[in-house]
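J.: The structure follows.
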Amino acid sequence: MTGTPDVFPPATPGGTPLVALPAGPRKPDQVKGKLYIKTHGCQMNEYDSAKMADVLAASDGLELTDSPDDADVILVNTCSIREKAQEKVFSQLGVWKSLKNKGREVIIGVGGCVASQEGEAIIKRAPFVDLVFGPQTLHRLPELIRARREQKRPQVDISFPEIEKFDRLPEPRADGASAFVSIMEGCSKYCSFCVVPYTRGTEVSRPFEDVVVEVAQLAAQGVREINLLGQNVNAYRGPYGDGEFADLGLLIRTIAEIDGVGRIRFTTSHPLEFSDSLIDAFRDVPQLANFLHLPVQAGSDRVLSAMKRGYTALEFKSKIRKLRAVRPDISISSDFIVGFPGETDADFEKTMKLIEDIGFDHSFSFIYSRRPGTPAADLEDTISDAEKHARLSRLQERINAHAAGISEKMVGTVQTVLVEGPSRKNPNELTGKTENMRSVNFPAPARLIGQFVDVVITEALTNSLRARVVAE
């Protein structure tokens, strides 16, 4: 590889667990090569990876492969939330370097948040990398690949062209009964520990009608569950009409009217903007799943203030109380950070108290990871690694125990599941998801795949439920 990387000029400045099926990749009309994509991180990255596949299938005739050894183009879609995830990327790139050493003319590209954060530094650290592109420029992949091949030097484009990428993506293609739909990009909250505003930009909402059209297209292809995505999805303000804006509540109500849409989810939310309008949608829209992922991060007001979260523990509990007034049995999951700089034993106990008060379902919890460039990176860390791990273990044990209790209480109840396909454990059975994100395995005919089915829960296991189909 020769020369220095070309850096595309910046465009107009612009401008996450719970698993769902992403929109399926587009099949090329004529296969001209193989594409391999490795995805790290959140559901937004899963969505973006599916769109990368769609774009390159439409433009370059690339078909997805499960093996990088067979690929003509290899892409890694990265996450920079934690240092460990970031280092995994460079480790993976080192493995792929050997493919080039064998004389293959394979294109290797790095996308996602690490790409946005590191830019040309990736080329300096791994000079065999051909492409570096950000979350907002994945639609430019065909041009980047073409430029790399013609100019014989690496290409870098980590600009923030607002919602241009959505205007240039192919029509969505569904694969399965559930699909992601991104409704906004970026985050403007600037929490002191988080890199997202720096890697994905500030908040930019897609136009209301564009989102509704995409959902309608997916529903027409058999999608029954829509997962609305955004870094701060409940800050959605989609322009529509004559200078008006639609919030997430109105978007949900509109999508629920689309023929075929039987279940709606959204993630990830910020408590600061969990509005009464959204609570009213939970009250009025039966298609809105009886489940909410609402990251709280900590239960100590002092720590929440240091994190720049913008709310208190009491305000968080007040929002949950309002929600449970209209959805008494809703499952609430969350995110927690332990060992944030300056977190005392008393602070941690307040987090444990909040967990008891709310009764969280399955949640995500991590030891604080210092991210360069964030305000929290300059805070003094006086907590030992042993103490951080002890706190994390205790927190996870308590949340897991409560989640297990929720599963046990579901035994004997009738639950509606969206049937996803054959069970991985037993191909003679089917598997599906309940509203509260539990995997359920049950004997049933394959014709039920892609449909909603009522089942009776017969057994609660550690990571799943067993059931039988309710007699028709």
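Each Cβ is built from the backbone N, Cα and C atoms, and glycine gets one as well.
The [4Fe-4S] cluster 1 binding site feature in Swiss-Prot is assigned to Cys42, Cys79, Cys113; the stated evidence is sequence analysis. Sequence annotations record features per position, and here Swiss-Prot assigns [4Fe-4S] cluster 2 binding site to Cys187, Cys191, Cys194 based on sequence analysis. Positions annotated as domain 'MTTase N-terminal' by Swiss-Prot, on the basis of sequence analysis: 33-150. Sequence annotations record features per position, and here Swiss-Prot assigns domain 'Radical SAM core' to 173-407 based on sequence analysis. According to Swiss-Prot, the domain 'TRAM' annotation covers 408-471. Per Swiss-Prot, the feature region 'Disordered' maps to 1-24.
Buried or exposed, and what's around them? Tell me for each listed feature.
T.: The number of other CB atoms found within 10 A of the CB of Cys42 ([4Fe-4S] cluster 1 binding site), across every protein chain shown, is 21.
The DSSP secondary structure for Cys187 ([4Fe-4S] cluster 2 binding site) is coil. Using a 10 Å radius centred on the Cβ of Cys187 ([4Fe-4S] cluster 2 binding site) and all shown protein chains, the other Cβ atoms total 25.
In the domain 'TRAM' (408-471), the DSSP tally of helix, strand and coil residues is 6 helix, 31 strand, 27 coil.
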J.: I'd like to know which of the binding-site residues Cys79, Cys113 has the most other Cβ atoms within 10 Å of its Cβ.
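T.: Within the set of binding-site residues, the most crowded position is Cys113.
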J.: Given the recorded [4Fe-4S] cluster 2 site (Cys187, Cys191, Cys194), which additional residues of the same chain have their Cβ within 8 Å of the Cβ centre, ordered by sequence?
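T.: In sequence order, the nearby non-listed residues are Lys189, Tyr190, Phe193, Val195, Val196, Pro197, Gln231, Asn232.
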J.: Would you identify the secondary structure of Cys113 ([4Fe-4S] cluster 1 binding site) according to DSSP, in three states?
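T.: DSSP assigns Cys113 ([4Fe-4S] cluster 1 binding site) to helix.
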J.: What same-chain residues, at least 6 away in sequence, bring their CB to under 8 Å of the CB of Cys194 ([4Fe-4S] cluster 2 binding site)?
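T.: Non-local contacts for Cys194 ([4Fe-4S] cluster 2 binding site): Ile81, Cys187, Arg371, Thr374.
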J.: Rounded to the nearest angstrom, how far is the Cα of Cys113 ([4Fe-4S] cluster 1 binding site) from the Cα of Cys191 ([4Fe-4S] cluster 2 binding site)?
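T.: Just about 16 Å between their Cα atoms.
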J.: Can you see whether DSSP assigns Cys194 ([4Fe-4S] cluster 2 binding site) to helix, strand or coil?
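T.: The three-state answer is coil.
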